[in-house]
Amino acid sequence: MTGALTPASTPALTLARDLIRAPSVTPDDGGAIGVLTAALRGLGFDVTDLPFGEGPARTPNLFARLGRSGPHLCFAGHTDVVPPGDGGWTSGPFEAALRDGCLYGRGACDMKGGIAAFVGAVARILESGRTLRGSVSLLITGDEEGPATFGTVKVLEWMAAHGQVPDFCVVGEPTNPDHLGDVIKIGRRGSLNARIVVPGIQGHVAYPHRADNPVHRLLAILSDLTARPLDQGTEWFEPSSLQVTTVDVGNEATNVIPGRATARLNIRFNDLHTGQGLADWIRGVAHVHAPGAEVTVQISGEAFRTEPTPELDMLAASIQAVTGRAPRLDTGGGTSDARFISRYCPVAEFGLVGASMHKVDEHVPVADLLALTDIYAAFLERLMG
């Protein structure tokens, strides 16, 4: 279907460029939500602005729905982007330049391009005069690259309270490592951050009996935590990973025993564990070696996996029909807002190729953007045609 269209004539490319031109570096919106709202209302969507947060600078979010019957398919994404960095861009990061068959700009693949492709798919179906059996919605946040406190989590709570929970959700994150059609994400590992502070008694290194060295106790804790693998992985998940990220004593003197020692670590864990179970384990190990240790744990998300569904099969079939690739079902990589959505409905993630995301000269081939539009349109037609 893309062969009959010039890139300049496609709603997906036009919207992608408009979104990139909105400098929505988290936590600033830069007008991106407004750009998307106008596009959706132009297609007949009912759009609800959902700002959440404290004070005047609240996080912009939106929920938009077209139709009221079932099945209800939701597309989820984010308009905020990471900072472009200090320089090195061939063209401006918010210029949305077209060059050598690619669209350049911060957010091109992560994930303004994915949002534009889905909206473009809906626009194509509506412009053809076809009707969709059911309803289509979008959950869009301006708070995914940041703390994610007042974004998707809050919108989902609002959706549940207003009878808007979908039957299935697609998140448009750039899931493909190399080629469009490589991977559908059907789950994610959980993530836990921990801070361990071991108190001691400061003193001169020549008189250790008058001091209590917290570094030795901290090393014993870290040695115990890393002594053996957490697990061997499962059918769908790679082995859980514990990585020590910082060790700090705040002491550059060579003749002083420090008064305290601090370490931070991260665990990416599979569905053999829960965040609370790992937190209890860390605290238990710490208190064996240092009864006075202070352990602070933040659980960013639990591991989850979407079981096979007809919608997942339809998405995979649509991808293969357009790209010729049978997508691999995968759970690797970092966390995403799918971890929140999985509490409400089955969710899968599929978007553009992510090789350049968060990098200087982030870009997406225009051919990939148009092909993703084809995939989303084919999926909508299979599910709701």
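A Cβ is built for glycine as well, from the same backbone N, Cα and C atoms used for every other residue.
Feature list (source: Swiss-Prot):
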- His78, Asp110, Glu173: Zn(2+) 1 binding site (BINDING)
- Asp80: active site (ACT_SITE)
- Asp110, Glu145, His358: Zn(2+) 2 binding site (BINDING)
- Glu144: active site, proton acceptor (ACT_SITE)
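A map of Swiss-Prot features onto the structure.
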residue : record                       : Cβ within 10 Å
His78   : Zn(2+) 1 binding site        : 31
Asp80   : active site                  : 27
Asp110  : Zn(2+) 1 binding site        : 26
Glu144  : active site, proton acceptor : 23
Glu145  : Zn(2+) 2 binding site        : 22
Glu173  : Zn(2+) 1 binding site        : 26
His358  : Zn(2+) 2 binding site        : 15
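Among the recorded positions His78, Asp110, Glu144, the ones whose Cα sits within 10 Å of the Cα of His358 (Zn(2+) 2 binding site) are Asp110. The Zn(2+) 2 site, placed at the center of the C-beta atoms of Asp110, Glu145, His358, has further neighbours from the same chain whose C-beta lies within 8 angstroms: Val81, Val82, Gly107, Met111, Met357. If you measure from the Cα atom of the residue listed as 'active site' to that of Asp110 (Zn(2+) 1 binding site), you get 9 Å. Secondary structure from DSSP puts Asp110 (Zn(2+) 1 binding site) in coil. Same-chain residues that are not part of His78, Asp110, Glu173 yet have a Cβ within 8 Å of the Cβ center of the Zn(2+) 1 site turn out to be Gly77, Met111, Gly114, Glu144, Glu145, Val171, Gly172, Pro174, Ser336, Gly351, Met357.
Comparing the residue listed as 'active site, proton acceptor' with Asp110 (Zn(2+) 1 binding site), their Cα atoms are 11 Å apart once rounded. The distance from the Cα of Glu145 (Zn(2+) 2 binding site) to the Cα of His78 (Zn(2+) 1 binding site) comes to 8 Å.
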